[in-house]
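This report concerns only the one structure given below.
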Amino acid sequence: MSKLTTGSFSIEDLESVQITINNIVGAAKEAAEEKAKELGPMGPTAMAGLASYRSWNLLLLDRYEPVLTPMCDQCCYCTYGPCDLSGNKRGACGIDMAGQTGREFFLRVITGTACHAAHGRHLLDHVIEVFGEDLPLNLGESNVLTPNVTICTGLSPKTLGECRAPMEYVEEQLTQLLATIHAGQESAEIDYDSKALFSGSLDHVGMEVSDIAQVSAYDFPKADPEAPLIEIGMGSIDKSKPLIVAIGHNVAGVTYIMDYMEENNLTDKMEIAGLCCTAFDMTRYKEADRRAPYAKIVGSLAKELKVIRSGMPDVIVVDEQCVRGDVLSESQKLKIPVIASNEKIMMGLPDRTDADVDSIVEEIKSGAIPGCVMLDYDKLGELIPKIAEVMAPIRDAEGITAIPTDEEFKVYIDKCVKCGECMLACPEELDIPEALEYAAKGSYEYLEALHDVCIGCRRCEQVCKKEIPILNVLEKAAQKSISEEKGWVRSGRGQASDAEIRKEGLNLVMGTTPGIIAIIGCPNYPAGTKDVYLIAEEFLKRNYLLAVSGCSAMDIGMFKDEDGKTLYEKYPGTFAGGGLLNTGSCVSNAHISGAAEKVAGIFAQRTLAGNLAEIADYTLNRVGACGLAWGAYSQKAASIGTGCNIYGIPAVLGPHSSKYRRALIAKNYDESKWKVYDGRDGSEMTIPPAPEFLLTTAETWQEAIPMMAKACIRPSDNNMGRSIKLTHWMELSKKYLGVEPEDWWKFVRNEADLPLAKREELLKRLEAEHGWEIDWKRKKIISGPKIKFDVSAQPTNLKRLCKEA
């Protein structure tokens, strides 16, 4: 082979010559070096793969041991099965019950991750097509725009186009993760847990890309603590106007409907309202300048079937995620057209993407089709308002609704034979027979009370031998309260600004702000929507920082105090103690985890890029935070919570969530699990059992409250912070459980840690019950605590972070 030499030649006289330049020698290296200079310091795990976080994950899983709650004893994954795995038996492929249960949980986590990532991909591609890849990311007064992206990939995108790389990274890793579920792949439960944690971190990347893309492109509020207040509830809808109802999570198509309404002066002539997270994002559209909003929120996922049965919508447009599988069949009964606007949910409807808008309207008006698929958003924007205008008078004239008349109501009540099948089928175990029995005697308040607790699943109706439309009966009994159902919720503000993080970071790390309480997730509550309101109210009164999102954020806004004010009207939307900030829809959850990460990056000056273990170690030991997904039902909720767990942020779930099959709970009595390094010299130091779980469930909201307060205690709390946190935890335990916690003394390092109002009493108890030596003249603890307080200690789980390592 001849040796290549350098030189030059002229192409001026050459004809019919095609020159292809592949890589310019040295150019890629130079570009990479320039990019590295721009990004700054880089941690060890940029563009992490399946094994990159394994050592950190196993460290977490060693302390927070998986507690498995399998749903059944069988595995039905392949044609060898079904295999009985009970009694420590293994399946034909060799997998045991632990491995199979780990696989089941992991499958739910990657499903949730894929859902958010696919949402982000669709949204990102669409806004790039419309607004161009050079559109800057504008999230408000922030320089740290993408903490989750930066931690996992090492990248810090500044434009829409630069968001493609992290999106491609998530998609590639999801393919690798999905492959591990195949028969004959991973079988160790502990490694499925590790992979689940990795998938959770990817989920927060996908969510972050989704929300920063729409915040930037659609002019959503940008880190705005005074984002507009939005009307919520069925009572907020003007029933004299045609009603468009949007259901789902991807707002891209709905923005075209709103544009058409604005351009054609229809915003005061018809109502547009949403269910689930599309509802939040349509109320954020073009609200960066705080214009008067006109879009409304009907409610959460639990309201979907109730709204359809009411007959109020004149057209329903669905996009993706959290859309009931019976939306079309239920809507057809009431002549409500359904338009599918996203490839992920097409409902078997005819595709009319290439058809003329007016011809589609005519088909729907005549009843030739019950709805259609419409993937052309320009046409969608015109189609939906036109259908609403045409169908509203037709449906009004026929008085279409599933709500029974007074006569029908009486007949249905009298048909009940008290067999109890409905109660057995109900996920909430509602005593429907008893309520119907009282109703038969003329007392309807019991039926009315079930309206808020009912999650609208319709399982009761399907087992009723007398074919009573139970959901309709409940709605009939609650007509008055439904008509008055009106609250206020703050539109999603987006992320916490860098300035807010700098100001509040010290309070969070020292513990003087007791903690961040994040109330997120779905409406599968065990005892009605008011639970999340009561939890939020309690923590706000105690100056915790509350971050909320999704369906839970909606339900918090549905209740008012004795002065007629919602929590959103009473408390500021700032990232500070006593603040109630609604970040927005489900994908905005990335801003909640991102806030904890930004405390490490901005306040503590830790390197974010490619540095997950160090950031997670910081939040685990220093940032008091706890999540609550009280009504979690979906795979997305599992992936969101698991993504918090890898960062050392614990989460409490409602009682239904044991069906996810896995919890992460430490043994608070095993002292060997509560040893860390002191970053100053690498010596071993003992810490209190805090937090004592990463993922667990509670049976009641009264149990959850003190559990969450305790979960905000951190090893690095200073004396004032520990005293404040112990005060709240002990008071809340006494208030809601009737007893003080039995292990409060384990968190006392010296007398300054004790709650100020009860210091002398607690010193006496420490002396009498635990044998601690007290100097009563100075009221100081002489001996007793196993944990010594050292204000300069640097607790860390990572040996490499120690100065003498």
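Count begins at 1; order follows the chain as displayed.
Even glycines carry a Cβ here, placed using N, Cα and C.
Positions annotated as [4Fe-4S] cluster 2 binding site by Swiss-Prot, on the basis of sequence analysis: Cys75, Cys78, Cys83, Cys93. Spatially close to Cys78 ([4Fe-4S] cluster 2 binding site) yet at least six residues away along the chain are Cys93, Ala183, judged by Cβ distances under 8 angstroms.
What Swiss-Prot records for 407-435 is domain '4Fe-4S ferredoxin-type 1'. Applying DSSP to the domain '4Fe-4S ferredoxin-type 1' (407-435) sorts its residues as follows: 18 helix, 0 strand, 11 coil.
All protein chains included, Cys464 ([4Fe-4S] cluster 3 binding site) registers 19 other Cβ atoms within 10 Å of its own Cβ. The [4Fe-4S] cluster 3 binding site feature in Swiss-Prot is assigned to Cys416, Cys419, Cys422, Cys464; the stated evidence is sequence analysis.
Taken from Swiss-Prot, the feature [4Fe-4S] cluster 4 binding site applies to Cys426, Cys454, Cys457, Cys460, supported by sequence analysis. Taken residue by residue with DSSP, Cys454 ([4Fe-4S] cluster 4 binding site) is part of neither helix nor strand, so it is coil. The Cβ neighbour count for Cys454 ([4Fe-4S] cluster 4 binding site), using a 10 Å radius and every protein chain shown, is 24.
Taken from Swiss-Prot, the feature domain '4Fe-4S ferredoxin-type 2' covers 445-474. Secondary structure of the domain '4Fe-4S ferredoxin-type 2' (445-474) per DSSP, as helix, strand and coil residue counts: 19 helix, 0 strand, 11 coil.
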Beyond the flanks of the domain '4Fe-4S ferredoxin-type 1' (407-435) by 6 or more, those residues with Cβ under 8 Å of it
446-447, 449-450, 453-455, 457, 459-466, 468-470, 472-473, 476-477, 524, 526-527, 656
Binding-site residues considered: Cys75, Cys416; fewest surrounding Cβ atoms within 10 Å belongs to Cys416
Fewest C-beta neighbours within 10 angstroms among the binding-site residues Cys93, Cys419, Cys457, Cys460 belongs to Cys419
Give the residue from the binding-site residues Cys83, Cys422, Cys426 that has the most other Cβ atoms within 10 Å of its Cβ, counting over every protein chain displayed.
Cys422
Sorry to bug you, but what's the C-alpha spacing from Cys83 ([4Fe-4S] cluster 2 binding site) to Cys422 ([4Fe-4S] cluster 3 binding site), rounded to the closest Å?
33
From the binding-site residues Cys75, Cys426, Cys454, Cys457, pick the residue whose C-alpha lies nearest to the C-alpha of Cys464 ([4Fe-4S] cluster 3 binding site).
Cys426
Rank aside, I only need the closest one: which of the binding-site residues Cys426, Cys454, Cys460 has its C-alpha nearest to that of Cys416 ([4Fe-4S] cluster 3 binding site)?
Cys460
Just the number: how many Å between the Cα atoms of Cys75 ([4Fe-4S] cluster 2 binding site) and Cys426 ([4Fe-4S] cluster 4 binding site)?
27
